[in-house]
Amino acid sequence: MADEVPSLAESKLTALVVDDNFVNQTMHHKLLDRLGIKNDVVCNGQEAVDVHCSGRNYDLILMDMEMPILNGIQATKRLREMGIESKIAGVTTRANEGDKKEFMEAGLNDFQEKPLTISKLLSILHRLDFHVQTYTMGSIADAANKEVNGTASEKRPAVIFVLGGPGSGKGTQCAYIVDHFGYTHLSAGDLLRAEIKSGSENGTMIQNMIKEGKIVPSEVTIKLLQKAIQENGNDKFLIDGFPRNEENRAAFEKVTGIEPKFVLFFDCPEEEMERRLLGRNQGREDDNIETIRKRFKVFLESSLPVIQYYEAKGKVRKIHAAKPIEDVFQEVKAVFSPEAEKVKRKQ
Ligand SMILES: Nc1ncnc2c1ncn2[C@@H]1O[C@H](COP(=O)(O)OP(=O)(O)O)[C@@H](O)[C@H]1O
Ligand SMILES: Nc1ccn([C@H]2C[C@H](O)[C@@H](COP(=O)(O)OP(=O)(O)O)O2)c(=O)n1
């Protein structure tokens, strides 16, 4: 195994990162570097076209979708019209099915949702049949993960817990915070739902607990969160929907040694949350009135005490969440404003 790491660094592959977000640019550049893939970075679709006009060519292009001047869909179309045959992988945040289809039809070879991780990048390379044939994908993944885990165990990422009742708007606001302040969003609920989909041995247990509105044992959720943190190049995370009870809170602190910088608490009346959940329309098994009522009860009995715990430590930043999305974000922004706004809002 030790021999395989230097060999990866000798890869002849080249890549172009096209993204207007500084944090994503850095992260994608570093992930490619880790796999020994030489790469350049440009800030929008027009720059990607320009760099090809100047005669440069790449094996792989990691293309963001929403960018100023020329977006990812337009740039991909233009590159294909120019006869560029590089493999292009779209890498975007929360694209809806329509956008994804349009992006694919513009000439993509592959598509991944952000945040890009080492394993997602490896699966792109695998699917696009890049020449790593002297090694199995397993050995490359092991080598890459070893490196990532090595640095992750030494690093102490900054963590903000994002709490609030079901439907209070946690996920919605997290997407805005990611966009403006460069955090990586980790939703405990999304990680658990992905674990069900992956067919893992815990899948059925998790599915049954979510259907009942119950909280999954900490051990399972913490493992998923730890893995997501370790696999990610970023060093600041929004952990959404966790800790949901005292057991979650104490176990996370014990296992990771991480204390949150602060807790962002979305305070919203039940009637409003109920209305939003019934209209959420994401096909979630737990967004039915019976399970919603159970989730509200669990929130009051188990999650509010966690918020009170952090309140006593002066760590809670309460947001009035029963307002329109933009107004809620104004309040959120004020909490983050001491930090430099690193990423300009996408147009
Ligand atoms: N401020 C708001 N006003 C109205 N609807 C909202 C607001 N924030 C979120 N929503 C909508 O409510 C639903 C639940 O929001 P979501 O962010 O998924 O909540 P949570 O992650 O807290 O469960 C979604 O359909 C979302 O589009
Ligand atoms: N820390 C957590 C977070 C979520 N879960 C489970 C139980 C929750 O009802 C579901 C859904 O959580 P999610 O945060 O995605 O959604 P809501 O805030 O309930 O809208 O996942 C858990 O067991 N433990």
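Easy rule for this one: first residue shown is 1, then count along the chain.
A Cβ is built for glycine as well, from the same backbone N, Cα and C atoms used for every other residue.
Look at TrEMBL and you will find GLY167, SER168, GLY169, LYS170, GLY171, THR172, ARG280, LYS323 tagged as ATP binding site. In the three-state DSSP classification, GLY167 (ATP binding site) falls within coil.
The Cβ neighbour count for ILE215 (ribonucleoside 5'-phosphate binding site), using a 10 Å radius over every protein chain in view, is 21. Sequence annotations record features per position, and here TrEMBL assigns ribonucleoside 5'-phosphate binding site to ARG193, LYS214, ILE215, VAL216, GLY241, PHE242, PRO243, ARG244, ARG284, ARG295.
Under DSSP, ASN248 (CMP binding site) is assigned to a helix (H, G or I) in the three-state scheme. Non-local neighbourhood of ASN248 (CMP binding site): ILE215, SER218, THR221, ILE222, PHE242, VAL306, each in the same chain, at least six residues away, with C-beta under 8 Å from its C-beta. What TrEMBL lists as CMP binding site is ASN248.
According to TrEMBL, the feature domain 'Response regulatory' maps to 14-129.
Under the three-state DSSP scheme, ASP64 (4-aspartylphosphate) falls in the coil class. Around ASP64 (4-aspartylphosphate), the C-beta neighbours below 8 angstroms that are at least 6 residues distant in the chain are VAL18, ASP19, ASP20, ASN21, ASN24, GLY72, GLY90, VAL91, THR92. For ASP64, the entry in TrEMBL reads 4-aspartylphosphate.
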ATP binding residues GLY167, SER168, GLY169, LYS170, GLY171, THR172, ARG280, LYS323: largest Cα-Cα distance, in Å and rounded to whole number:
16
Could you list, ordered by sequence, which of these binding-site residues: THR172, GLY241, ARG284, LYS323, have a Cβ under 6 Å from ligand 2?
GLY241
For ligand 1, which among the binding-site residues SER168, ARG280, ARG284 have a CB under 6 Å from it?
SER168, ARG280
From binding-site residues GLY167, LYS170, ARG280, the one whose Cα lies nearest PRO243 (ribonucleoside 5'-phosphate binding site):
LYS170
